[in-house]
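Take a look at the structure set out below.
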């Protein structure tokens, strides 16, 4: 009888432990879902308690103020020269997840056969995940409870780990993604126009400015930043773009340059005039580099990350900025107060995006399902394999379960909302990006809950 009682109590303990792990995984997502639901109600067309224009301003405020404050206050406090040497795998992991996503996206495009003009779009949306706002929101929600599985250092260290990858994501987005998102050349017509009274004459490329017209009337047109008809996500994460600059981003520059469809006038390099003539290929590569919006990489979150790293690795600066006795503690405490608004505001914006509903899309149901399955189900499984190999090769910080959890989370998130912003900027697949991001975030509620449960079981069991 005693043996039966002991075995029964042991079994009940295991059941309780399993239920507790499941609740620990599901509750953070439920909290975020409640915040998103509030945003959905506020901006839904039937209620319209808050104008859509207010949400656009809030999205810019998040990107320009709340998110940089969160990154600076927590990354600057946690980071040091020693930590940089220990955290080197965090940015490498972003590159790995993106590279694996590229391969998965190419496979999805081959199998699902999207429309030819959306082949590159399929690869991009599978490859680039949301390594910014969403991981920070999930970590904040997981660490919000005092009984979280990672202990009292959960919130500060988790935010620091997630913030350390911001600069890598920014470089990838404003270079590779920017050029891959250019409109397909075969769906555009190059027209050369020179006004001479009421007549139009065709002239050489060297004498006129090239204009691009869209042959496909269904392709969405990029409008000004104040246009309320475009999706909310288009406004999210690209600051400082003027309406007068928008037209130059909508041209298939790379394709025309390297395919020889239209010979663009390439500027001569001053160095090439002094030395040997610059090869044509080198000149084209240099032209691409000049057309890349490098200056926009230094957006507020990236600046906050770099500033936090600089302050964190210099002990004197760190003691001046952080700590209860620091001379600038009033400023950093004020920044920390503003940082607290990032997660709820970001979830309100996400709810507002979902309230718009999915736009019409030419991507096709089969391709959309393929991207969602590859991004939300297959890639996290590969991430578990990557973390297992990295742990076996001693590439990770020993006995740091939160570090492993954040690395696994980078494989689990849906596509980056910034992709919708770049799509709107370049006039390429705006409706498709909006629809795909909508459905990805809907299904991510279930996939992220599932994988958080799996990750916690793996990470916390390895501790024992």
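We count from 1, first residue shown onward.
Yeah, the Cβs are placed from backbone N, Cα and C, and that goes for glycine too.
According to TrEMBL, the protein has these features:
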TRANSMEM  20-43  transmembrane segment
TRANSMEM  55-75  transmembrane segment
TRANSMEM  87-111  transmembrane segment
TRANSMEM  118-139  transmembrane segment
TRANSMEM  159-178  transmembrane segment
TRANSMEM  367-390  transmembrane segment
TRANSMEM  402-425  transmembrane segment
TRANSMEM  437-456  transmembrane segment
CB contact flag for the transmembrane segment (367-390) and the transmembrane segment (118-139), at least three pairs under 8 A: yes
Which of 55-75, 87-111, 118-139, 159-178, 437-456 contacts the transmembrane segment (20-43) most, counting Cβ pairs under 8 Å: 437-456
Most Cβ pairs under 8 Å with the transmembrane segment (87-111), selected from 55-75, 118-139, 159-178: 118-139
Contact set, same chain, for the transmembrane segment (159-178): CB under 8 Å, 6 or more residues outside the stretch: 70-71, 74-75, 77-79, 87, 90-91, 93-95, 98, 124, 128, 131-132, 135-136, 139-140, 292-294, 296-297, 299, 301-302, 304-306, 308, 402-403, 406, 409-410, 416, 418-419, 422, 426
